[in-house]
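Have a look at the structure below before the remarks.
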Amino acid sequence: MLGKLLTKLFGSRNDRTLKNLGKIVTQINALEADFQKLSDDELKAKTLEFRERLEKGETLDDIMAEAFATVREASVRVFEMRPFDVQLLGGMVLNSNRIAEMRTGEGKTLTATLPAYLNGLSGKGVHVITVNDYLAGRDAENNRPLFEFLGLTVGINVAGIGQAEKKMAYAADITYGTNNEFGFDYLRDNMAFSPQERVQRPLHYALIDEVDSILIDEARTPLIISGAAEDSSEHYRKVNVLIPSLIRQEKEDTEDEVGEGDYSIDEKGKQVHLTERGQEKVELLLIESGMLAEGDSLYSAANISLLHHVNAALRAHTLFEKDVDYIVQDNEVIIVDEHTGRTMPGRRWSEGLHQAVEAKEGVHIQNENQTLASITFQNYFRQYEKLAGMTGTADTEAFEFQHIYGLDTVVVPTNKPMVRNDMADLVYLTASEKYAAIIKDVEGCRERGQPVLVGTVSIEQSELLASLLKNAKIPHSVLNAKFHEKEAEIVAQAGRTGAVTIATNMAGRGTDIVLGGNWKVEIENLTNPTDEQIAKIRADWQIHHDAVIAAGGLHILGTERHESRRIDNQLRGRSGRQGDAGSSRFYLSMEDSLMRIFASERVSGMMKKLGMEEGEAIEHPWVSRAIENAQRKVEARNFDIRKQLLEYDDVANDQRQVVYSQRNELMDATSIQDTIKNIEADVINDLVDQYIPRQSLEELWDVPGLEQRFHQEFGIQLPIQQWLEKEEDLHEETLRERIVASWSDAYQAKEAMVGADVLRQFEKAVMLQTLDGLWKEHLAAMDHLRQGIHLRGYAQKNPKQEYKRESFELFQQMLDSLKHDVISVLSKVQVQAQSDVDDMEQRRREEEAKIQRDYQHAAAEALTDESQASSDNTPKTMIREGDKVGRNDPCPCGSGKKYKQCHGKLS
């Protein structure tokens with residue numbers, strides 16, 4: 001109550017922000033008349049003037065009003081479009097490390113040109129990030145004439161372009177691209193072997209379009225570059241056959257009664273677990289199939305991988321549904337994005353789930369993967385010096401943007417008042433009643449000539465509705481993952497008179513639905529259109545446009561509430577753009593997944609009290625509130641998952657920063673001779689400590705053991721016993737100095753033989769390859785630690801603290817191994833000439849060329865409690881595959897030994 005009173009008196013924080021920015025808008029408007037008088041050359045010269053002023057010490061804020069006035073006038077001359085005042089407000093919000101919520105149709109693409117130009121003046125690079133290659137290419141090409149008119153360069157960074165093209169794209173003042181591509185380039189740069197192979201500059205300013213989709217929806221899907229692991233496809237096939245014979249437990253276990261069934265499903269948590277009865281049954285089936293020894297347990301340490309296959313197969317059969325979570329196309333399982341309804345070719349679920357689904361569908365089973373490098377979007381984007389984003393729906397997630405990324409959300413007002421009529425939800429008892437009501441509503445719209453966009457949550461639901469509309473003889477278009485090739489065309493014409501379009505979730509996002517149809521698309525489809533043809537198309541469009549407005553504008557019809565209010569708001573936001581007429585309504589039933597899982601008891605109780613009959617719907621603010629509360633619960637749960645993922649990844653991120661900064665220093669250094677000397681002393685002293693403990697009696701020394709170990713590890717014969725016999729005054733400290741000096745002498749002899757320059761190059765190559773090999777193994781060890789850490793909770797220990805402690809120990813071991821392995825390789829390998837270093841580099845490049853990028857997608861699971869945060873819910877995504885090194889192949893580190901006798905030992 002008090003809060004509302006204070007807001008009324010002083011205005012909300014959002015109001016105060018807009019009021020302050022409004023003063024700068026007034027300044028920009030005051031400059032407009034002067035800028036209109038400038039010639040094209042004078043306007044273009046402003047860019048050079050601004051850059052000179054920045055060099056002299058002025059800040060971006062000092063020149064912002066003039067820079068925005070420059071872009072506004074250039075937009076009028078290049079595009080014949082004048083940015084509105086609200087777009088100037090949006091541009092200022094984006095320049096100030098904030099998120100701008102701008103409604104659909106308010107011109108976010110043009111708004112982005114304002115802060116992109118301003119920050120592009122610094123010459124440090126601006127990254128404009130979109131959700132897919134199509135939007136990146138479209139926005140770059142659309143805005144290129146404006147930026148080039150003002151003297152700024154534009155680059156496009158999409159998948160499939162070469163290294164030289166990428167370098168050019170990143171060298172541009174403004175670079176358009178997708179979040180995946182920017183993240184992969186960062187990982188790839190940190191796997192490079194020379195500064196020339198890196199493509200990115202330091203991360204300066206990121207401007208993210210559809211920021212909620214990238215920073216929230218995809219926050220659970222880390223970017224991973226990986227290599228192929230061992231083939232275990234036969235295991236997946238054998239286990240897959242066993243799962244259909246298991247029975248679901250319908251009733252939960254109580255103190256008095258154990259529910260019958262082999263597995264239980266937690267729908268809220270999207271998890272499945274074997275019951276005790278199920279465990280016994282699976283063990284029996286595995287014994288019968290010869291996969292488990294008689295008397296052995298599925299949960300014994302030796303059978304961990306078998307348990308992994310069983311769990312993956314169980315999840316594939318019970319939690320993942322064809323045409324909802326994935327489709328099968330061309331003998332491949334292709335994931336469907338739960339947020340957009342689009343297919344994601346090339347992406348794969350992690351932890352064996354994708355292979356289990358492939359086994360279930362009887363298609364070719366691809367190999368599992370081993371992580372080579374990874375980063376979450378959260379940690380990638382937090383590295384930018386400046387970060388901003390825009391979307392039509394951010395306010396519901398404002399807390400998360402602030403808590404995770406430190407970004408405030410500012411709701412930018414619309415240019416024209418919103419007149420869309422958002423009607424209350426209608427709730428039916430059964431799905432069949434709901435669909436009957438939807439068909440009736442669609443028929444009514446068609447009779448009025450009002451276009452309808454029907455939003456569904458899955459491909460399966462969109463196809464069911466399509467068949468119902470077909471039976472009702474209602475012409476319609478279907479927009480889902482199976483027909484995405486026609487996406488832009490279908491969306492462009494979804495606003496025609498009486499058009500009926502079924503769209504899965506937010507398919508078509510980024511393309512406006514124009515009332516009356518899109519006349520520009522019609523003109524583009526003509527070859528060399530005449531002025532008369534263009535005039536006729538525009539005149540016809542105006543007639544259709546007026547008819548659609550008269551019929552009530554675009555009607556949005558939601559067939560189910562999404563678990564996030566934001567996704568529902570995105571669907572509604574397709575209607576009512578730029579002050580157009582429009583309406584929206586959601587049709588729900590008690591059989592919908594959100595209602596069944598989260599809101600069923602309370603709403604069912606209300607419906608029964610009201611004595612509802614078949615075909616009758618309930619429409620009441622209480623029901624809408626109960627549904628919204630259910631959505632809030634799910635949003636809070638999903639926020640906790642993302643927060644926990646980040647807390648665990650922060651541990652790995654600290655280590656990643658250390659390793660990557662070390663790599664960059666190594667690559668940029670002309671010589672690492674001093675580093676080699678330092679670690680050489682550490683390694684030799686550590687080795688001597690094992691055989692000659694410090695301040696110990698000579699009787700406790702194991703001199704023969706030390707001589708033998710030195711020969712094994714470093715290929716050097718040291719006559720330590722002879723030294724001790726001949727020189728009575730040789731004590732522990734002087735002996736250590738003698739051993740270090742002997743190694744240095746042997747190494748200097750090698751340097752004299754091959755030349756200092758060749759050896760310096762070889763040292764760098766060995767250090768980099770060894771670091772990369774150990775980092776890869778460390779990531780695998782971290783994965784294993786993460787998957788089992790939740791069990792520490794049973795020992796009354798905090799899993800997060802244990803993870804931090806043990807991961808630090810693993811990291812320390814990795815650094816110790818790095819020192820030892822580098823000195824060992826440098827001691828043993830005989831470098832004859834520069835050609836040996838070149839051969840080593842060539843082998844590395846061949847290995848690199850084998851790595852084909854592939855994506856992997858995390859199964860969208862919720863974590864039901866703290867202990868599960870580190871269990872089998874770890875999303876591992878977007879993977880690049882490479883061939884596995886055979887045990888008898890030469891080790892990639894260049895030591896000349898077989899892999900099994902070198903780095904293979906470590907794994």
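Backbone N, Cα and C define each Cβ position, glycine as well.
For reference, Swiss-Prot has these:
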BINDING   GLN87, GLY105, GLU106, GLY107, LYS108, THR109, ASP512  ATP binding site
BINDING   CYS891, CYS893, CYS902, HIS903  Zn(2+) binding site
COMPBIAS  840-856  compositional bias 'Basic and acidic residues'
COMPBIAS  865-876  compositional bias 'Polar residues'
COMPBIAS  878-887  compositional bias 'Basic and acidic residues'
COMPBIAS  897-907  compositional bias 'Basic residues'
REGION    834-907  region 'Disordered'
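Comparing local CB density within 10 A for the binding-site residues GLN87, THR109, the maximum falls on GLN87. The ATP-binding residues named in the record, GLN87, GLY105, GLU106, GLY107, LYS108, THR109, ASP512, extend over a maximum Cα to Cα distance of 17 Å. Each residue in MET102, THR104, LEU110, THR111 lies on the same chain as GLN87, GLY105, GLU106, GLY107, LYS108, THR109, ASP512 and has a C-beta within 8 Å of the C-beta centroid of that ATP site, without being one of the site residues. There are 19 other CB atoms within 10 A of the CB of GLY107 (ATP binding site), with all protein chains counted. Of the listed binding-site residues, namely GLU106, ASP512, the sparsest CB environment within 10 A is found at ASP512. Taking the Cβ of GLY105 (ATP binding site) as centre and 10 Å as the limit, one finds 21 other Cβ atoms among all the protein chains shown.
Around LYS108 (ATP binding site), the same-chain residues at least 6 positions away in sequence with a Cβ under 8 Å from its Cβ are GLY90, ALA100, MET102, ASP209, MET390, GLY392.
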